[in-house]
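**Q** Once you've had a glance at the structure underneath, I'll fire off some questions.
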Amino acid sequence: MFHLVKGLYNNWNKKEQYSILILGLDNAGKTTFLETLKKEYSLAFKALEKIQPTVGQNVATIPVDSKQILKFWDVGGQESLRSMWSEYYSLCHGIIFIVDSSDRERLDECSTTLQSVVMDEEIEGVPILMLANKQDRQDRMEVQDIKEVFNKIAEHISARDSRVLPISALTGEGVKDAIEWMIVRLERNKKSRPPIYK
């Protein structure tokens, strides 16, 4: 009888775990975003001034509430590392694509890179959140300019949830709003991409 009750208790108390892939070109602020996110959820985080370019991946698991866990994979954005992004597509429930809104010169490269992500069949139906990072800088592009680039790609996304939001990973502005947007989409998409229960 004890084992039955224990089994029922464990089953009812399982948490949904969703995996979110953080992508973007090198120097877009992906790791800063992840470390700021950890700080927002009161977890141990790396001092922002100590962040180095990611070679490989950074992983963080963030308990959002009593029922959900978000597992983030921050994958290096250097051109030589982008070929390994596709290895994560079938495992992810959502994608956050971070754009350096102060780097106009790489906007075309960013657009081409995002388009190659969107066109991959493995992420069909996965919500995509594009974050216009570094909005705290004076030389930033307006969010509307970045949306225009994203809108050209959005026609390939069809009915999938997608959005462009402004953030500053450095100051934390907009970071929690972005995650809240993603959580709603992950729950909405539960039937086509079920979470892992932990």
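Each Cβ is built from the backbone N, Cα and C atoms, and glycine gets one as well.
OK, Swiss-Prot features for this one:
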MOD_RES   Met1  N-acetylmethionine
BINDING   24-31, 74-78, 133-136  GTP binding site
CROSSLNK  Lys50  ubiquitin cross-link
**Q** Tell me the coarse DSSP state (helix, strand, coil) of Lys30 (GTP binding site).
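**A** The residue in question, Lys30 (GTP binding site), is helix (DSSP, three-state).
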**Q** I'd like to know which of the recorded positions Lys30, Lys50 has the most other Cβ atoms within 10 Å of its Cβ.
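**A** Result for the most crowded candidate: Lys30.
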**Q** Hey, of the binding-site residues listed (Asn27, Gln78, Gln135), which one tops the CB count within 10 A?
**A** Gln135
**Q** Please list residues from the chain of Gly24 (GTP binding site) whose Cβ is under 8 angstroms from its Cβ, counting only those at least six apart in sequence.
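**A** When sequence neighbours closer than 6 are ignored, Gly24 (GTP binding site) has Lys30, Gly77, Phe97, Ile98, Val99, Asp100, Cys110, Thr113, Asn133 within Cβ distance under 8 Å.
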**Q** Tell me whether Lys50 (ubiquitin cross-link) sits in a helix, a strand or coil according to DSSP.
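**A** Once the DSSP labels are grouped into three classes, Lys50 (ubiquitin cross-link) ends up as helix.
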**Q** Within 10 Å of the Cβ of Val75 (GTP binding site), how many other Cβ atoms are there?
**A** 20
**Q** Using Lys50 (ubiquitin cross-link) as the reference point, find which of the binding-site residues Asn27, Val75, Gln78, Gln135 has the shortest Cα-to-Cα distance to it.
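**A** Given the candidates Asn27, Val75, Gln78, Gln135, the nearest one is Asn27.
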